[in-house]
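Enquirer: Copying in the features that TrEMBL gives for the protein in this structure:
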DOMAIN    A:20-440  domain 'DUF112'
TRANSMEM  A:20-39  transmembrane segment
TRANSMEM  A:109-135  transmembrane segment
TRANSMEM  A:147-163  transmembrane segment
TRANSMEM  A:170-190  transmembrane segment
TRANSMEM  A:261-284  transmembrane segment
TRANSMEM  A:323-344  transmembrane segment
TRANSMEM  A:356-383  transmembrane segment
TRANSMEM  A:395-413  transmembrane segment
TRANSMEM  A:433-452  transmembrane segment
TRANSMEM  A:464-488  transmembrane segment
Amino acid sequence: METLQNLLFGLSVANDPMNLLYCLVGVVFGTLVGALPGLGPAAGIAVLLPLTFGANPISGIIMLTGIYYGAMYGGSITSILINTPGDSAAVMTTLDGYPLAKKGRAAQALGMAAFASIIGGTISVIAFMFLAPALAVFAVRFGPPEYFSLMVLGLTTIAGMTGKYPSKGFISALVGLFFATVGLDLMQGIPRFTFGSMHLYEGLDFIPVAMGLFGIAEILTCGTEECTIKIDKKDVTWRKLLPSKEDWKFSLPHIFRGTGIGFFIGMLPGAGATIASFISYGVAKKTSKRSEEFGTGVIEGVAAPESSNNAASIGAMVPMLTLGVPGSGSTAIMLGALMMFGLRPGPMLFENNPDFVWGLIGSMYIGNIFLLILAILAVPLFIKILNVPRPILNATVMSFILIGSYSLNNSMFDVGLTIGFGALGFFMKKMDYPAAPMVLALVLGILLETSLRQSMIISGGNPMIFFMRPVSGSILGISILAIFYPLIKKAIQSYQKSRTA
Amino acid sequence: MRIANRIVSFLIILSGLFLTFQSSNLDYMVDGTPGPGFMPYWLGISIALVAFIPAVKTFTKFASKLANPFKAGDFTNFFIVIGSSTLVMIITPVTGLLVALGLMVGVIAKLMGTQSWKTVIGLTVCTPVLLFGIFVKVLSVPLPKGIFGF
């Protein structure tokens, strides 16, 4: 009852016309920034932070939150339309979103991405409201061994989503992990694999890598007529934007599952929306009735990661507000903003600043409604992008990719990296080496290595620490099953075949 | 595909071994716990080992099912896009990034098949203006300037 009273209070705070305006501006800018390759939620929040300088703390954080989940949805737009994820959390959406667009179902894919995002976001806000304090206590119990196991689980699920050749998926992930080791060693400060280049001291950023492997590789392999996506105007009616009954039937269980996974993983400091989206995709693939078709354009392949990354963006607020520990890069910037506003995140925030906390929660509901309206209104506009002749689209996208990679660190070196990874992506695509595991391993690599080394320091060099702790041991057990799952599946299938023959 | 797979697997195995060799220059263990060389060492070995699987597959029946991934003309787009974007890297210090990108857009659009010169010139002029509006005016990104002052 008290929670409901607090929620009503929060909605009244969020309904202040000024706060509504800030929320709307945040969602619109977030969606636009998320759709620009290279500028994900973290960069978007950082770039747009100055806009909140004159605002009160509540309005300011409402706007930043709007940017955050707007960008989460925005990232899916370019993933579906031009196979270029706007940010790492949207990488998984490309796997089925783009094939759907190629099949002429871009509208339904974008529509489902919007609905899945909103359902995931709304359920997570409800969960956030009721479960935040208790869940935060559980999440904080995760130590380095649990994190390491979680990362291993994340990477092994890649084996299940790399389609025909799991071995090539594993190679891709391992090479991605190697790329993550480039730069200064975090514990000893020794340069590794920098080959004397100062530019590599800070390591490889995932954005040039992702934009090269996905965006440029797509342009290189799909510049010809057969790759042109033709959208009939009749396909862009309002009715067509709504997913069909069959789409819902396939997607709904994965949306709910993705929301649960996303919210939980989002709460874990450092894990964030990226790992949530690819675990959700992996789980969706393994549990779907048509798992063989994943990667060829199935609607639940869009629904699962999209619900998950939006749920994770809300989940990441839990440790940030209740413990002052950011759950992702984006929430780390928001944490800085909160401090800039003179607020001290932590358990006392709920007691000392209820108008702030509950106003923020209220704004999440309203922000989700804004996002739905914006998504539906903007989808026909986004679809029109696909009818632009391929050479013009390729040339324009290429300019956005290069300027996006430059704007990351204001460095031409990053532009060169993007071009280099574009060339690598071309050959990987031709040789059936999937790019997603490499990008995701690069994102998770630093955290994985740090957790591994911290765990070994805690245990005095005993690797059994990963198996002795119940949570870590269970996660690793699941990971081992995930590694052997393709082999077990094949064995069962051949056994069944031999029995029927 | 069979030969291409063999060559790629061989190159990956070599890279894995090179990585293992390079990581031996870094501390493997420090005070009884993994050092900076620990993870790269095992990654190198793992890469080399896993790369054997696709290599071995090329000697089985499985390889005959695979079609040649490279067709005639596949490299045309590769050379147009990679070539013109490399040119952007070279001419940016002189022309500035916006002008270089404008030229790149025009070149890619024309060489990839846009017939109308009007469209090509329009793209060459309008794209830098659009990029200037978004990245310089709205997002305040300081782009490299050239002899034209922008």
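Even glycines carry a Cβ here, placed using N, Cα and C.
Each of the listed features needs to be described in terms of its position in the shown structure.
Expert: Taken together, the residues of the domain 'DUF112' (A:20-440) have an average pLDDT of 80.
Here the transmembrane segment (A:20-39) has long-range neighbours at 14, 47-48, 51-52, 55, 59-60, 62-78, 84-87, 90, 207, 211, 215, 363, 366-367, 370-371, 374-375, 378, 397, 400-401, 403-405, 407-408, meaning same-chain residues at least 6 beyond its ends whose C-beta is under 8 angstroms from one of its own.
Sequence-distant contacts of the transmembrane segment (A:109-135) (same chain, at least 6 residues past either end, Cβ-Cβ under 8 Å): 3, 6-7, 69, 72-73, 76-77, 80-81, 93, 96-97, 100-101, 241-243, 247, 251, 255-256, 258-259, 262-264, 266-267, 299, 302-304, 306-311, 313-315, 317-318, 321-322, 347, 350, 361, 364-365, 368, 371-372, 375-376, 379, 382-383.
Counting only same-chain residues 6+ beyond the ends of the transmembrane segment (A:464-488), those with a CB under 8 A from a CB of the stretch are 141-143, 145-146, 148-150, 152-153, 156-157, 159-160, 166, 282, 286, 455-456, 458.
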Enquirer: Residues of the same chain, at least six outside the transmembrane segment (A:433-452), with any C-beta under 8 angstroms of its C-beta?
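Expert: Long-range Cβ neighbours of the transmembrane segment (A:433-452): 88, 91-92, 94-95, 144-145, 147-148, 151-152, 154-155, 158, 161-163, 168-177, 179-181, 186-187, 203-204, 206, 209-210, 213-214, 217, 270, 274-275, 278, 425.
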